[in-house]
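> Provided herewith is a single structure, encoded as structure tokens, for subsequent inquiry.
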Amino acid sequence: MKVKLKNVFVVYFLVSVIGLMYALLQLGQPCDCSQHLRSASDLMHGKDKKISQLLSEVKRLQVRGKGPELEGQALPIIYAITPTYARLVQKAELVRMSQTFLHVKNFHWIVVEDSPVKTQLVSELLAQSGLRFTHLHTETPKEQKLKESDPNWLKPRGVEQRNLALQWLRENRELSEEGVVYFADDDNTYSLRLFDEIRSTKRVSVWPVGLVGGLRFERPLVEKGRVVGFYTAWKPNRPFPMDMAGFAIALQLLLANREARFDMLAERGYLESSLLQSLVSIEELEPRADNCTKVRRGTGSQDSWVLSMVLGVQWIKWVRAGDQDSWVLG
Amino acid sequence: MLRRRNLLTTLLIVLPWALLLTLWHQYPATPRFNGTSPLREEGLPSCSWQQASGVAPKVIQNYVYSRPPPWSDTLPTIFIITPTYTRPVQKAELTRLANTFLHVQNLHWVVVEDSPRRTNLVSNLLEKAGLNFTHLNVESPQSLKMNGSRIPSHKPRGTLQRNLGLHWLRDSFNKTQPPEGVVYFADDDNTYSLELFEEMRYTRRVSVWPVAFAGGLRYESPIVSPAGKVVGWKVVFDPNRPFAIDMAGFAVSIRLILERPQATFKLEGIKGGYQESSLLKDLVTMDGLEPKAANCTKVLVWHTRTERPMLGNEGKHGFSDLRMEV
């Protein structure tokens, strides 16, 4: 047949009519899309799984990536100094702490009892903990001891014990050894990330602390990577207005300054300053936890250990630095 | 000349059809897949399920800083049901618990929030912890809510949340082929020794052990006869309860939970201290109890309470930056 235009149009017409009829017939028929959807969602699941697998790979490599640079010279040891005293919840607190510390590499726990002798409870607990530890003891002199009726903040606690631990370190460690000293009270909560952050301390590192000082958190103020002040509501004029667990000191700094210790007679809240002012100045502090924007440690007080005090609100102008975490509580 | 014109016309005619054909080939309207691939039901060894209305399960394997010991196919699983609610120390408590649970093999943590929706704080914490977890939520009606201001009373708390945890277990596992395992209700402010989990792991029905600081005593404990059977309760607070034991003092085997689908914690008319009994009486009788912890002579769990932190310096309008997650 010759390719006449008329013929072609006829053919087109017929084909379109047939197609239209087919489409009209299809209309209103139940379409089995579920298979389609299911396979599509399967595809998404597969992709999700792949993504999370890759993410975990990345994180694992990141962690390992951080390791080797320190691994080369052996990971600096973290020495946690924990003063403790006998009371009902002592064992529970120490058990909880040991469970956290077991996750930390190259860790050495220095437990100092406020007692004339080493108690069996603590000795057994430490022996079974699986941790590297040093068990010391020294009794707080009677005049300095809190009476049952005293409020917790009346006299400084754990001073003699922490000083004894510092003395032990000075007698048993060399300047050549790399280490970091952290004062870990037995009623606090520590996140594992904290220990990663403090391991690289060169002099004194600082970070925010949650649930202390009558606030949701206290923290150093950081500008351009340097500490310029402190964000706290209680006695902000202290040389170092921070909590015992908000800083860590390089072992070498302590060994080099053999006289630095906590002052038993320090005014309330000045205990930390009494040690730090002979070691470092504010400009030399090393901020951690993303330039002090993340809270790594919370104070959960048990019965008689109250670490915060209500004394009135002093408002301080503060400057934010770095990025903030994006979560809202509750 | 005629031939060339013919060719041109043919080409012009064929071209749109060819285009149409290629388009149709790429986007077929007709279903071309054959064989359905149904949504996989993840079995026991997989890591975490997140369930809320309408959200499909997501497998998360995100170990950041610490890993739990590798999953073993032979060890019974320990399912921990933890009700939790938002308050300043919530993150600290859950962090502590996570640090503890990371030492236990074959542990699956079911965290149930008392909230209308799952909070970011808990979601992020669970994802970063590296544990096997399931994150659920159900809001308690206002009358039962644990407010920060309320003095801890004897009103039962966490009931709805624990029941949701049980419900999830019953939904997730087949009654005819129950997995080997045990369920434990772990509140987020207690302290658990690692030995406790190994004691409860092989529970056949319901196992019990002493709990420190419960019931106003140094410890509460079941009384165990020389034959190794539980015959009574060494308690001072209401010793006439059918099961005078704290929530942290017992664990139930999964099989039993699945066998008795009607056994849940009761809400209505339950006096303080009777919540545990409201569940256990539907599951077991006194002589079915298995004493653990060296015939109930060791304390492996402490009913510690965390003191509310003093946040007086926050003042009426808040002082610290609310954007910082605490």
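Quick reminder: no glycine exception, Cβ is built from N, Cα and C everywhere.
Sharing the features that TrEMBL gives for it:
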type     : residues                                                                                                            : note
SIGNAL   : B:1-22                                                                                                              : signal peptide
BINDING  : B:PRO83, B:THR84, B:TYR85, B:ASP114, B:ARG157, B:ARG162, B:ASP187, B:ASP188, B:ASP189, B:HIS303, B:THR304, B:ARG305 : UDP-alpha-D-glucuronate binding site
BINDING  : B:ASP189                                                                                                            : Mn(2+) binding site
SITE     : B:GLU220                                                                                                            : site 'Interaction with galactose moiety of substrate glycoprotein'
ACT_SITE : B:GLU276                                                                                                            : active site, proton donor/acceptor
CARBOHYD : B:ASN295                                                                                                            : N-linked glycosylation site
SITE     : B:ASN313                                                                                                            : site 'Interaction with galactose moiety of substrate glycoprotein'
> Restricting to the recorded positions B:GLU220, B:GLU276, B:ASN295, B:ASN313, which ones have a CA within 10 Å of the CA of B:PRO83 (UDP-alpha-D-glucuronate binding site)?
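The recorded positions passing the 10 Å Cα test: none.
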> Can you give the largest Cα to Cα distance in Å, as a whole number, for the residues B:PRO83, B:THR84, B:TYR85, B:ASP114, B:ARG157, B:ARG162, B:ASP187, B:ASP188, B:ASP189, B:HIS303, B:THR304, B:ARG305 that bind UDP-alpha-D-glucuronate in the record?
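Across B:PRO83, B:THR84, B:TYR85, B:ASP114, B:ARG157, B:ARG162, B:ASP187, B:ASP188, B:ASP189, B:HIS303, B:THR304, B:ARG305, the two farthest Cα atoms sit 21 Å apart.
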> Would you kindly give the Cα-Cα distance separating B:GLU220 (site 'Interaction with galactose moiety of substrate glycoprotein') and B:THR304 (UDP-alpha-D-glucuronate binding site), rounded to the nearest Å?
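Rounded to a whole number, the Cα-Cα distance is 13 Å.
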> Using a Cβ cut-off of under 8 Å to chain A, which of the recorded positions B:PRO83, B:GLU220, B:THR304, B:ASN313 qualify?
B:THR304, B:ASN313
> Per DSSP, to which secondary structure element type does B:ASP187 (UDP-alpha-D-glucuronate binding site) belong, with helix, strand and coil as the options?
coil
> Any same-chain residues 6+ apart from B:ASN295 (N-linked glycosylation site) with CB under 8 Å of its CB? Would you list them in sequence order, or say none?
B:VAL224, B:GLY228
> Rounded to a whole number, how many Å is the Cα of B:GLU220 (site 'Interaction with galactose moiety of substrate glycoprotein') away from the Cα of B:ARG157 (UDP-alpha-D-glucuronate binding site)?
20
> Would you mind reading off the Cα separation of B:ASN313 (site 'Interaction with galactose moiety of substrate glycoprotein') from B:ASP189 (UDP-alpha-D-glucuronate binding site), to the nearest angstrom?
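Taking the Cα atoms only, B:ASN313 (site 'Interaction with galactose moiety of substrate glycoprotein') lies 24 Å from B:ASP189 (UDP-alpha-D-glucuronate binding site).
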> When DSSP is mapped onto helix/strand/coil, what comes out for B:ASN295 (N-linked glycosylation site)?
helix
> Can you grab the distance from B:TYR85 (UDP-alpha-D-glucuronate binding site) over to the residue listed as 'active site, proton donor/acceptor'? Cα atoms, rounded to a whole Å.
20
